[in-house]
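Listed in TrEMBL for this protein:
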- A:107, A:147, A:180, A:181, A:182, A:183, A:188, A:266, A:267: ATP binding site (BINDING)
- A:111-296: domain 'ATP-grasp' (DOMAIN)
C-alpha cells in the first residue's frame with residue numbers, strides 16, 4: 001500500500017515495453033508501477049518513478065524488490081520457478097504463481113498438461129534420442145518442427161527439421177527438445193483472457209496474428225471472417241486453460257489454424273502480450289489495465305472492441321542511417337493523423353521491435369493499409385512503395 | 001533531445017494531474033516528461049522518472065529545469081510572465097509564450113483583447129473606484145459579477161455583487177477588479193483547440209460543462225442539442241482566438257450560453273484543461289498527446305470523437321471516514337466494468353478533485369448515469385440513492 005495515496009503498489013519484474021505500457025495504465029488507477037529493470041536504460045526504467053535495478057535471476061534482488069509490494073508480477077517469463085516459490089513462501093503475493101507460470105516457461109510441460117485437458121494440439125512428442133526424432137518424423141511426415149522446451153521466443157528456439165540429423169546436434173548440446181508435426185498453416189489466431197484470484201475471467205475478441213520470420217508483424221482484431229461459433233469456442237478454450245492452469249493475470253493463447261479450419265494451441269504467454277497491444281485504443285479496457293486489475297483481484301474491465309476493425313502493426317528497427325526517428329514521426333503524423341503510436345524508448349537496431357502503431361476503422365483493407373503505412377514510415381523513413 | 005532514444009525532452013512546469021496525464025501520453029510518444037514539481041508528493045512526481053523539485057516562482061530553478069529540455073510548457077498559469085520572458089531570452093523554447101499566456105493569466109487583458117477582436121463577450125468593465133462599480137451595476141442591472149483579474153480558479157476570485165459595497169473591500173485590499181454583467185445562464189460550453197508553432201490548428205467537438213459551486217463536475221461530449229452551425233461557429237471562434245493570440249499548445253475556451261442561445265466567452269486556459277479530459281478515451285487523440293504534439297510542432301492528431309456520447313465526471317473527495325479508496329474502486333469496477341477511471345495520486349480531502357471517470361455510450365441519459373454512479377462510488381463509497 002502506498003501510504004501517500006491509499007492505493008496498492010504493484011511490482012513488475014522486467015523493465016521492457018510491457019512494463020512501460022503497464023505503468024501508463026497504473027497511473028490512471030492512481031498507482032505508480034514499481035519496476036525491476038536490468039538496466040536504468042530499459043524502456044520502463046526511463047519513464048517510471050519507482051525503479052529498482054537488479055537481475056531477475058538474483059533471489060536477493062527479488063526479495064528486496066518485493067518488499068512493500070502488494071503484488072509482484074512479470075514483464076517476461078524468465079524468472080526461475082524456484083525463485084517465485086521462494087517469494088511466495090516469504091508471503092509475497094506473486095501472480096501468476098510458479099505452478100501456473102511453468103506452463104508458459106516449459107513447452108513440454110505445457111503440451112503434457114494441455115494434452116491431459118484434451119485441448120486441440122498439433123501431434124507432438126518429447127524426444128531424448130535421435131531415434132525418437134526419426135520415429136516421430138516417419139510417423140507424422142517430414143518436415144517436422146523441433147522446439148527447445150525452454151528459453152525460446154520470437155522464432156528463436158524453433159527449428160524446421162527435414163530429417164533427424166539436425167536434431168542430433170541440439171540433443172548433444174543438451175537442449176531439452178520436443179518435436180511437433182508441421183501444421184499446414186492457413187493462418188494464426190490468438191485470444192487474450194484475464195483471470196483474477198477470485199476466479200473471474202474475461203476474454204477479449206479473438207484476433208488474427210500475422211507473422212514474418214517467426215516475428216508477429218500485424219494483429220487484426222477481430223480475426224477477419226471467423227465465425228461466431230468458432231470465436232466463442234476459442235474464447236471458451238482460453239477461459240478453460242486460464243482456469244484449469246490457475247493463471248492469474250493476462251493469458252495469451254496463440255493458435256494455429258490449418259487449411260481445413262481446425263485450430264490447435266501453439267503457445268501460451270502469461271502476461272500482457274504483443275497480440276493484445278491492439279486493446280490499448282481498440283478495446284474498452286487495455287490488456288495492461290486488465291492485467292493490473294487481475295493481479296490486484298479487482299473486478300475485470302469491459303473487453304469489448306472500441307471500433308469495428310482494429311489493426312496493430314509492429315514497428316521494427318530499419319536499416320542504419322537515414323532520417324532520425326523524431327523526423328520519421330513527423331512524417332507519419334502528417335500522413336496519418338488518426339494512427340496511434342507507441343514507442344518503447346529503445347535504441348533503433350535493424351529488426352528490433354521498437355514500437356507499434358494502431359489504427360481503428362470500419363474497413364479492413366483501409367485500416368490495414370493505414371497501420372502498415374505508419375509502421376513503414378517509422379521503420380524506413382519513407383512512404384511505402 | 002534524449003540521446004538514449006533520439007526523441008525530444010518536454011519539460012512541464014507544475015506537477016499536478018495535468019502533468020501526470022501528459023506523462024502518460026509522453027510515454028506513448030517514446031518520451032519521458034520532465035516535471036518541475038513543488039513537492040515530491042505531487043501527482044506527477046509520484047509517477048514520472050525525471051522530476052525536479054522547485055518553485056515555479058524561482059527563476060533560477062526554472063533556468064536549471066529548462067536545461068536540456070527541447071520545449072518547456074505548463075501544467076498551470078502561475079509562472080510569472082517576466083520569468084517566461086527570461087527563459088525565452090535564454091533561448092529556451094517556451095510554449096505558450098508569455099505574450100500569449102498573459103491572456104490566460106489576466107482577465108482584464110483577456111477581455112480587452114477579445115473585445116478588440118470582436119469576440120462575443122458579456123458586457124464588462126475594469127474598475128478602480130467604487131463609483132465605477134455602481135455606475136456599471138446601474139447600467140447593466142444588479143446583481144453583477146466581480147472578478148479578480150489574476151489568480152482565480154475553480155470559482156475562487158469570483159463574487160456575485162448585489163450592490164457596490166462589497167467591491168469596496170476588495171478594491172481597498174488592492175485586488176485588480178473587473179466587473180461583468182450576470183448572464184442569465186442556460187448552460188456553459190467549452191471548446192478545445194490545439195495550435196502548433198507552424199500554425200496548424202485542430203479543434204475538438206464542442207462540449208457542455210456542468211458546474212456546481214463554480215467547480216466543473218461533469219462534461220458532456222458533444223454538447224447535447226447544439227446545432228451543427230453553432231458548433232462550427234464556436235470552433236471557428238476557438239481557432240481565431242488561438243491564432244490571433246499566438247497560442248501554442250492546447251487552448252480551452254469556456255463559454256456562457258444565455259436563455260436566447262447567444263454565447264459569450266467566459267474564460268481562457270492555455271494548457272490541457274478539465275473540460276478536455278473526456279478526450280483521453282473519448283477522442284482519437286487525447287488533449288494531452290495533442291498538447292505535446294503542438295508544443296513539439298508535430299502535425300496535429302485526429303480530434304474526432306471515439307463514441308456517439310462521452311461523459312466525464314469529476315471525482316471530488318467526500319466526507320472523512322468510510323470505505324478506503326481502494327475498496328471504493330472495487331465496488332465501482334464491479335458496478336461499471338466499462339467506465340474508465342483516472343485517479344490523480346492525491347490525498348483525499350472533502351471537495352478536492354482527486355480524479356475523474358469517463359463513460360462512452362450511445363444514449364446520453366444512460367451514459368451520464370453510468371459516469372455519475374462511478375463518480376459517486378469514489379466520492380461516497382456507496383451506491384447513489
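Just so you know, glycine gets a Cβ as well, placed from its N, Cα and C.
Classification of residue A:182 (ATP binding site) by DSSP places it in coil, neither helical nor stranded.
For residue A:180 (ATP binding site), the same-chain residues lying six or more positions away in sequence with a CB closer than 8 A to its CB are A:122, A:123, A:124, A:144, A:145, A:147. For residue A:188 (ATP binding site), the Cβ neighbour count at a 10 Å cut-off comes to 21, with all displayed protein chains included. Fewest other C-beta atoms within 10 Å: among the binding-site residues A:107, A:182, that description fits A:182. Using a 10 Å radius centred on the Cβ of residue A:267 (ATP binding site) and all shown protein chains, the other Cβ atoms total 19.
Of the residues the record lists as binding ATP, namely A:107, A:147, A:180, A:181, A:182, A:183, A:188, A:266, A:267, the two whose Cα atoms sit farthest apart are 18 Å from each other. Residue A:107 (ATP binding site) falls within a helical segment according to DSSP. Mean pLDDT, taken over the domain 'ATP-grasp' (A:111-296), works out to 95 on the 0 to 100 scale.
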